[in-house]
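Input: a single structure, listed below in structure tokens.
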Amino acid sequence: MTFKIIKINFDLNEKGRLTGPMLIICIAVASAGLMYGYDIGINGGITKAESFLKKFFPSVLRSQKNAKVVDGFCLFYSWKLTAYNSSLYIAGIFSALMAGRLTTSAGRKGALIIGGIIYLIGVSLHALAVNMGMLFLGRVFTGLGIGFINQTAPIYLVEMAPTKWRGAIGTGFQIFFWSGVAGASWINYFIMSSLNFKRWRIAVSVSGFPATLMTIIAFFIPDTPSSLIQRGKVQQALKSLNQVRGTKFDSENELKYLIKYNEDMRIASETPYKMLLERKYRPHLLFAIALPTFQALTGFNLNAVVGQLIVTSLGIRLKDVFPILIIQSTIFFVCLLLTGYLIDRVGRRIMLIVGGCQIFICQ
């Protein structure tokens, strides 16, 4: 099967500026990353809260008091606590697998709304939990919501962004993610200092504010033009383009490009696995698998998920852990801002090479 390169005059859109509606919409959708980052960051703190452990995981407290050697991994050895932490990610994997079909049938906007509502249910159950069943159910619902949102929000941002700003807007989700991690580290630090985690329920509930805001805004934002075209709503797709691009852009020309592009993708998707196994696509397939796999295997994501446990296992006092994590997450946030500025100027390949070299040197 051969695909021709589509050449359409995109002068207006290539010079494209960020309109007010476009910026507001992207910020609202990217804030989904704030929910995910905050949830991960705050959970690392509440699992060290004495009141939380006493109510749900008393065996961990007993292990802490009876331990002869101060080792964070030994102190927190508990299959129940491990299951509690892992349930969010297992649920997230399950919902992420379903998110593809949902974003096609309900649209990117619909998937954001569904994910936001499920997430809010999970946060409510988690914060109000009075027994293990309620606690685990809340964690599972939170994971389901995160799975939908994590799949949908980046797609929405990339599809809605003008070509010139696609890379910068695409990093918005990660910027908000590390903002959430940094914010959770600050809250963990102040709660640890003043309240000794007696109000962990309040810390959990805070993630409901950005989730509520994103879900409400999602009702009023347009769906992406590509999503509308996929569902045969061409006129609504043109209306969506006019709303976010402004009247000075050649929306009809971009609409023609998107219709042609989606038609090519529809034809290609009829035999997706056969096409992927063709020799000419093997480098693309290999890179698509290797890049995220090796990025995950660097252990980078562990900084957000179990950073507190890693630092305490090194013998650092718990009260000194959170300032270290605050500094770390702040550095991530600043570097992401720099990445958002550079990625459309120097290109994705250069950024991958520079980032890979930095990780190699540091590790």
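The backbone N, Cα and C atoms fix where each Cβ goes, glycine too.
Keep in mind the model is a prediction, meaning the values are calculated, not measured.
Annotation comment: TrEMBL describes 21-38, 81-99, 111-130, 136-157, 169-190, 202-221, 285-310, 322-343 as transmembrane segment. Positions annotated as domain 'Major facilitator superfamily (MFS) profile' by TrEMBL: 25-363.
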Beyond a gap of at least 6 residues from its ends, the CB atoms lying under 8 Å from the transmembrane segment (81-99) belong to 39, 43, 47, 56-57, 60, 111, 115, 118, 135-136, 139-148, 150-152
Spatial neighbours of the transmembrane segment (21-38) not adjacent in sequence (6+ beyond its ends, CB under 8 Å) are 112, 115-116, 119, 146, 149-150, 152-153, 156-157, 160-162, 169, 172-184, 206-207, 210-211, 213-214, 217-218, 221-222, 243-245, 304
Contact set of the transmembrane segment (322-343) with the rest of its chain, CB cutoff 8 A exclusive, min separation 6+ beyond the ends, reads 41, 45, 167-168, 170-172, 174-175, 178-179, 181-182, 185-186, 188-189, 192, 303-304, 307-308, 311, 316, 351
